[in-house]
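Report on the structure given below.
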Amino acid sequence: MKDLYSRRINYMRISITDLCNLRCQYCMPAEGICKKDHKEVLTLEEITDIVKAGVGLGIDKVRITGGEPLVRNGIVEFIQMISNIDGIKDIAITTNGILLPRYAEALKEAGLKRVNISIDSLNPDKYREITRGGDLSKVLEGINECIRLGLTPVKLNVVAIGGYNDDEIEDFIQLTMDKPIDVRFIELMPIGEASQWGKDRFISNEEIVHRFKNLVPMETEKSSPAKYYQLPGGMGRVGLINPISSHFCGDCNRVRLTSDGKLKPCLHSNHEIDILDAVRNHPEKIQEVLASAILSKPEKHDLLTDSHEESNRGMSQIGG
């Protein structure tokens with residue numbers, strides 16, 4: 001289905017939980033967030049019904065996010081349910097990687113095709129600091145397990161943070177030289193905890209391009225939020241995602257579903273459409289509600305305008 005700006009919307013990002021086993025400083029408060037009542041959260045079966053309705057509108061690509069999706073009970077069975085839907089061509093997951101050593105093989109067998117891993121430092125002490133207790137060795141083990149299983153290229157999502165990991169950018173880039181890894185640097189977005197925490201820590205990805213002049217530009221899919229580069233002779237790629245300095249709204253192909261049953265036409269807007277009621281009381285209207293969300297997508301985000309409202313959700317509740 002196309003939106004009002006002739007963009008083909010074929011990608012659904014689904015946050016299946018806002019809970020997480022880490023407390024990253026730019027994402028979640030140290031005390032965590034209040035756990036929602038069971039009745040407020042979509043069941044995995046209900047989410048599956050929404051995806052089935054989405055296929056009828058042209059959705060063929062699904063990404064599972066959180067919070068941390070691997071803490072949700074039944075995650076492997078859920079991936080299996082989604083992979084059994086006729087019309088779904090691609091299933092991916094975004095995770096912090098801590099639980100991948102336990103789940104990666106079962107997830108692949110269930111139908112998972114691709115994995116993105118959020119990792120902001122290769123230094124165990126710095127990683128533990130920003131995640132408030134995370135064990136980097138488990139993440140690295142998870143990355144290697146995904147490579148072993150052929151869930152490649154493994155994509156590493158690195159939030160570029162001034163005064164924290166800007167001295168590790170070269171180390172991350174070097175990972176792409178001899179491994180099937182794509183490292184993607186993401187500009188720090190002013191959402192939730194990061195709206196205050198990150199005010200003086202923003203790094204433009206343009207700085208990375210200027211610093212590393214040996215990166216060779218590559219052809220990139222129009223719908224990809226990343227501009228890709230490669231080290232000469234490298235196995236993997238270096239991606240730059242610039243939601244602030246150079247937005248990619250013109251080719252946006254996605255709609256987001258939150259764990260509490262809200263459709264978000266735009267990541268950076270507080271506009272939401274409730275689909276929980278339709279799922280539970282009027283299942284024949286699920287597709288209609290989905291279509292209305294697609295048709296309400298704005299032409300572009302208003303992050304840099306005076307009219308922008310601070311997000312009413314933290315990133316852990318949206319899933320990026």
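The backbone N, Cα and C atoms fix where each Cβ goes, glycine too.
Residues or ranges marked as domain 'Radical SAM core' in Swiss-Prot: 4-227.
For ARG13, ARG63, THR94, LYS155, ARG254, VAL255, ARG256, the entry in Swiss-Prot reads GTP binding site, with the evidence type sequence analysis. In three-state terms derived from DSSP, ARG13 (GTP binding site) belongs to an extended strand segment.
According to its DSSP assignment, CYS20 ([4Fe-4S] cluster 1 binding site) is coil. Among the features that Swiss-Prot reports, [4Fe-4S] cluster 1 binding site is placed at CYS20, CYS24, CYS27, with the record citing sequence analysis.
The feature S-adenosyl-L-methionine binding site is assigned by Swiss-Prot to TYR26, GLY67, SER118, MET189. Secondary structure at GLY67 (S-adenosyl-L-methionine binding site), as computed by DSSP, is coil. All chains included, 27 other C-beta atoms sit within 10 angstroms of the C-beta of GLY67 (S-adenosyl-L-methionine binding site).
Annotation comment: Swiss-Prot describes CYS249, CYS252, CYS266 as [4Fe-4S] cluster 2 binding site. The Cβ neighbour count for CYS266 ([4Fe-4S] cluster 2 binding site), using a 10 Å radius over every protein chain in view, is 20.
The compositional bias 'Basic and acidic residues' feature in Swiss-Prot is assigned to 300-312.
Here Swiss-Prot flags 300-320 as region 'Disordered'.
Cα to Cα, CYS20 ([4Fe-4S] cluster 1 binding site) and THR94 (GTP binding site) are separated by 12 Å.
Every protein chain considered, the tally of other Cβ atoms within 10 Å of the Cβ of ARG63 (GTP binding site) stands at 21. According to DSSP, TYR26 (S-adenosyl-L-methionine binding site) is assigned to coil rather than to any helix or strand. SER118 (S-adenosyl-L-methionine binding site) counts 23 other C-beta atoms within 10 Å of its own C-beta, drawing on all protein chains shown. Closest to CYS24 ([4Fe-4S] cluster 1 binding site) by Cα-Cα distance, out of the binding-site residues ARG13, GLY67, THR94, CYS266, is GLY67. Cα separation, ARG63 (GTP binding site) to SER118 (S-adenosyl-L-methionine binding site), rounded: 14 Å. DSSP classifies CYS252 ([4Fe-4S] cluster 2 binding site) as coil under the three-state reduction.
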